[in-house]
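According to TrEMBL, the protein carries these features:
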BINDING   HIS278, HIS283, GLU323  Fe cation binding site
COMPBIAS  10-21  compositional bias 'Basic residues'
DOMAIN    60-138  domain 'ACT'
DOMAIN    130-206  domain 'Biopterin-dependent aromatic amino acid hydroxylase family profile'
DOMAIN    207-445  domain 'Biopterin-dependent aromatic amino acid hydroxylase family profile'
REGION    1-21  region 'Disordered'
Amino acid sequence: MAGFGWATHSAHKHSANRHHLRTKARMDAGFRQMNGNLERKGSLTSSYLEEPLNKTGVVSCIFSLKQEVGALVKALRLFEEKGINLTHIESRPSRNNKEEYEFFISVDQLSSKALDEVVDGLRTQISGQVHELSRNKQKDTVPWFPNDIQDLDRFANQILSYGSELDADHPGFTDPVYRARRKEFADIAYNYRHAQVIPRVEYTAEEKYCGYREDNIPQLEDISHYLQTCTGFRLRPVAGLLSSRDFLAGLAFRVFHSTQYIRHSSKPMYTPEPDICHELLGHVPLFADPSFAQFSQEIGLASLGAPDEFIEKLATVYWFTVEFGLCKEGNEVKAYGAGLLSSFGELQYCLTDKPKLLPFEPEKTCQQKYPITEFQPVYYVAESFEDAKEKVRKFASIIPRPFSVRYNAYTQRIEVLDNTQQLKNLADSISGEISILCTALRKME
């Protein structure tokens, strides 16, 4: 997996780079850098924006008003009464409610305190919807998250490590041919955009020596196409490790960021980073399962707009489920985590009496510390995927964000459920699905 960790194909364990998600300073470096400038083209494609690293001294917010005579005048009067000078204003029809308009405004940072009173006035006096504020992590600030599947293009190249650069302890560090080859893979990922065909790679004889299969290494495009016919999941090439926030955001759209390169041929049984063997042997088979695909997407959706501390908790939950999860099947306990399925050493170990097996409870699991250079001393066992999904849903409900979200598979957009119109649309959709279900049940009688 290109966002969290990976498993080796031997008893050797993972390098410290695997554990990047535990370091907060690095965890969100990617999306902070990408969203530091609200003026960039396309920055308003999402209803929620990450606060900028405010070097310009500008504070921004977006609010929506009903389409009625004098609505904007009333709103602007609130700014005037507090002595706030607008440095920028623009409008657009609301994408969430056809009866509203959205207004993006910028004010000088010195007006930040007075802006609190204006926001209260917009909400109470004019019944306006204030979607976000970009102000030094104040209570109204919501981290940016992708609203449309094409928004994944904005951070897919914001990798934290590896890519075409290798650490000194990497098996291929002193191999100029391998380093040049890695740059080719990195360029493919950097130039890829959503909906494009994933470029096919002609793997060399030395790369094939790693023995993925007898005659060749499968192509990401072929695997991605097959996954879409199974569960709607698709693969997207990535050059290296993403921040945990960015990687989880991809799962919300049923997109798995996958590496395309393969480990160095000198150590076919070990890799200090995720490679295509780990991705295709460990992760992909489970994404073809509808229940597991839904479970992964639930974690992704829970991450959208979540505070940093909850991103770390969700990442830990992901670690002990999707990467190193165990699950009951009848009277047996079986492994389903990708880190176990692609590591025969730990796969054997996890089912012995050496590690401690605990029931999967997200509230407790998210607090568990874990080693990164040895086998896990603790694993969490889910009663079933359905039980795990329900528990993750309950856990997500306590995340302090002022809205809920759902993924619209038809439009490939995230719908923010923060107004009555959105809730009505959701109710209509559910009603239609229930009608189909009832009709099918009647025909089976």
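Even glycines carry a Cβ here, placed using N, Cα and C.
DSSP assignment over the domain 'ACT' (60-138) gives 27 helix, 30 strand, 22 coil. The number of other Cβ atoms within 10 Å of the Cβ belonging to HIS283 (Fe cation binding site), over all protein chains shown, comes to 26. In this view, HIS278 (Fe cation binding site) is surrounded by 28 other Cβ atoms within 10 Å of its Cβ, with every protein chain counted.
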